[in-house]
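S.K.: Before I ask anything, let me first share the structure, which is written out below as structure tokens.
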Amino acid sequence: MSETTSTNEENKLLLNGRRAIPPNYSNDEENEVPEMEAFGLIPRGFNPRDYLRVVDIYMFKEPQEINKQEHHTDKYYNPKLIVRRGQAFQIQIDFNRPYQPQSDKFWLEFLMGRYPQQNKGTYIPIPVGGALKPGQWGAKVIHRENNSIRLSIMSSATCIIGKFRLYVAVLTPYGILRTRRNSATDTYILFNPWCQLDAVYLDDEKEREEYVLNDVGVVFHGNVEDVKSRSWSYGQFEENVLDACLFLMDKAELELSGRGNPIKICRVASAMINSRDDDGVIVGSWNNSYDYGVAPSAWTGSVDILLEYYSSKQPVRYGQCWVFAGVFNTFLRCLGIPARLITNYSSAHDNNANLRMDFFLDDEGKVDTRLTKDSVWNYHCWNEAWMTRPDLPVGFGGWQVVDGTPQETSDGMYRCGPASVQAIKHGHVCFQFDAPFVYAEVNSDIFYTRMEKNGTQVVENIDTARIGQLIVTKEVGGDGMMDITEEYKFREGSDEERLALETAVMYGVKKQSIQDTTYQPQTDVDMDFQAQKAVLGNDFKVTITFRNKSRNSYTATTYFSGNIVFYTGVPKSEFKKHSFSAKLEPSSSSSFDVVIKSSEYMRDLLEQASFHFFVTARINETGKILAVQKAVMLEIPTLRIKTKGELVAGKETSVIVEFTNPLKQTLENVTLRLEGPGMLRTIKKQFGRIPMNSTLTWEVKFTPMRAGLRKLIASLNSDALRHVYGELNVQIQKP
């Protein structure tokens, strides 16, 4: 008795007078399906065995069999059938006797969740009939032999995606006989970029291979002047990753009936990838202390993160933008939505979305950190997902920006997108979701404003070109960089660019006009700043160059400030202050060097080895101020990876990772990670310390299972040195 009471109470709580059935948002839960569904009283002599009975169902679910081959799902390490929607697949049913179409009536049933309903797409009865219609549910017999039939089943091109349970139902005069619950016949249905009727259809085969089937990618980081890259293992086909991705949607409580819509899935996932407000996958941390977790720079791919979240149900520590984007990319590709990882260099994190980054200067021309709230990220990573946008006017489908990094709230949660790239380019920021925020990330201007004693603001300098000056992604079919800046914005200074800006302002992007502030730039003197290639642990020099284009002599009081910054542009500490007076002769250039010693920066260095230099100069004769800022990245040493012996599928071989400590100090708490998607699950090893100038060697034995071109990716992490990577392409031969 006690059991029934508790269930009734549970139902009462869930129903609360508003719904006929409880919410249905778990793909994992199931309902009881009766094996015999009687139409009324069953006569005494009735024996179900007298009727057509299913003996066995064969799903053709092996990687080399027809279904997984034709549906491009043969790479998933998953024993169950995985197909893509809107495309036919085959199954074979063995009966207890030959099937007679005239007298025997049977149908298939696909069910999802605990409360399957036909009008919600979670209960799908499929009668066996004649011709299949493209993109609509249907089944037809394509082969009959003895007691077996082979069926071709077409799924709807808009059906919900996830894991369905399959039953075969046979009609008898007294009731419906169903097959027993058998998890071996469970079928995953995914998005289908190969199907023209699917919302995620992509028409280029090379692009589909890259954006859906490639399980390794490249993350571009560093800064505009010094683009760096590293590999990231997406691992969307690895064991349990598909289930982990479906669990994410359950955790986000996305109604099962909404899971056929890529727009909904992207929006929900962009909130679920970060742990803010919903205990999502990754905890963000930008403060350089990573207690009780893994430093963001140590991860080599998404699989460890997703599987840890799936098993512990707790947010995984820690991530920064490229980690959020890497995991989001895995999620999208795993479900069949074409996706790519984007890097925007000099990305504006504009706190009030007014297309204006304010850097306040004090009387002497130095940056006032108290007043300056906006920050320019050296780079910021987000994702693009490919889909149609039936909710927007024609022309705004295609690539959509989605961002899982928690920056600002959108409709009350930390999420961003999907925002149409096309709409951002043309300034149509009125179209959902979050287009004004992304528009500001790539289009803001930097204002250097001096606060006078009486409180008036004087704009000393405006930099219109720095923000979003380079937007890139990995090229299709290679590891190189593809510049996609033109997809986000028209050329700086072109008529189209002005028009796009006016459109954005018309649709409510706040843009203060320059007329509101007094601004008379110094035009006859230019100041530029160059840094020598800087290697971690070494001294380097920077050069400040003035060009006096006038016929007057000037003197410039120059302030030089070197800061160690997070890659988000937020300063941690000022490690170098230097001021000097520069004499500027008429119609000539003059250069001044400043030496940066390693002893000045090594103690406070942060993991991305990133500096930010501010130079401001006041022309004493005119009172005008020149300002320039630049990010400089140090060259970080890399890991060397090599293989020993021949590389043949199914045969043990070994890989060697080497690292030489280049610093003038011992490295403490060293951790190495190594993974090879589709070849080697992540292996971690702790090393206590590496003395200066000494070399660490680590040998790992493994057995690659599949032939083909693969990649080994390694990372090293320690207290004093992070962001150390190495990679190696390896060709595994057939045995």
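Note that Cβ sites are derived from N, Cα and C of the backbone, with glycine treated the same way.
Automatic, uncurated: that is what TrEMBL annotation is.
According to TrEMBL, the protein has these features:
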| type | residues | note |
| --- | --- | --- |
| ACT_SITE | C321 | active site |
| ACT_SITE | H380 | active site |
| ACT_SITE | D403 | active site |
| BINDING | N443, D445, E492, E497 | Ca(2+) binding site |
| DOMAIN | 313-406 | domain 'Transglutaminase-like' |
S.K.: Show which residues of the chain containing H380 (active site), separated from it by at least 6 in sequence, have their CB under 8 Å from its CB.
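M.R.: Non-local contacts for H380 (active site): C321, T343, N344, S347, H349, T405, E441.
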S.K.: Sorted by position, what residues of the same chain at least six away from D445 (Ca(2+) binding site) have a C-beta under 8 A from it?
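M.R.: The answer is L355, R356, M357, I462, D463, T464, I467.
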S.K.: Around the Ca(2+) site formed by N443, D445, E492, E497, which additional residues qualify by having Cβ within 8 Å of the site's Cβ center?
M.R.: T464, A465, I467, G468, K489, G493, L501
S.K.: With DSSP helix as H/G/I and strand as E/B, how many residues of the domain 'Transglutaminase-like' (313-406) fall in helix, strand and coil?
M.R.: 15 helix, 41 strand, 38 coil
S.K.: Just jot down the residues in the same chain as E492 (Ca(2+) binding site), at least 6 apart in sequence, with C-beta under 8 A of its C-beta; none if empty.
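M.R.: Result: T464, A465.
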S.K.: At 10 angstroms around each C-beta, which of the recorded positions D403, E497 has the fewest other C-beta atoms nearby?
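M.R.: Selected from the recorded positions D403, E497 on minimum Cβ neighbours within 10 Å: E497.
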S.K.: Taking the Cβ of N443 (Ca(2+) binding site) as reference, which residues of that chain separated by at least 6 in sequence fall under 8 Å from it?
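M.R.: Correct list: A348, L355, I467, G468, K489, L501, A504.
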S.K.: Measuring Cα to Cα, tell me the gap between D403 (active site) and E497 (Ca(2+) binding site) in whole angstrom.
M.R.: 24
S.K.: Across all chains shown, how many C-beta atoms besides its own are within 10 angstroms of the C-beta of C321 (active site)?
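M.R.: Its Cβ has 27 other Cβ atoms within 10 Å.
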